[in-house]
């Protein structure tokens, strides 16, 4: 008894494969159509050369004319290639300038916006409802103490202060001074 084996390819992959094959077929048809158009255009534009019955001088004149036409076409092709190269360089430079300008202007980091309770209620309920909610009313008020007023500033000769603070003794005084205001 043979057991039917399920396909290992999923449906999405099958769809992708069929789409890719369809696109490849379409590209192939476009390529063939382009080639046929090219052959038709060349047959229309370029008449067949009739070299039978021409003398040596007539053949040489024909060759000179063809060489002159080839030179003109080559010059045009060279000019067009030079223009293309110039344009591609210019496009590349402009792209670099755009990237450079993008890098110069940094976007500021977004900061958290504090919304008051009133504004939040207004946003939720709409502007019609006049609801005020003062959450700060029940809070205690604390006064700030001026630390500068408490400490008297010693004004004196700065040379004495420098001499007194130099060395290990000065370091000890600074350490003791830093301890004393916090302990009170």
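In case you wondered, yes, glycine gets a Cβ from its N, Cα and C as well.
Annotation source Swiss-Prot lists N-acetylproline at 1.
Taken from Swiss-Prot, the feature region 'Involved in binding TNC' covers 1-45.
Under a cutoff of 8 A between CB atoms, and with a sequence separation of 6+ in the same chain, residue 55 (phosphoserine) has no neighbours. Mapped onto three states, the DSSP output places residue 55 (phosphoserine) in coil. Swiss-Prot lists 55 with the feature phosphoserine.
Sequence annotations record features per position, and here Swiss-Prot assigns region 'Involved in binding TNC and actin' to 94-115. Here the region 'Involved in binding TNC and actin' (94-115) returns a mean pLDDT of 80 for the predicted model.
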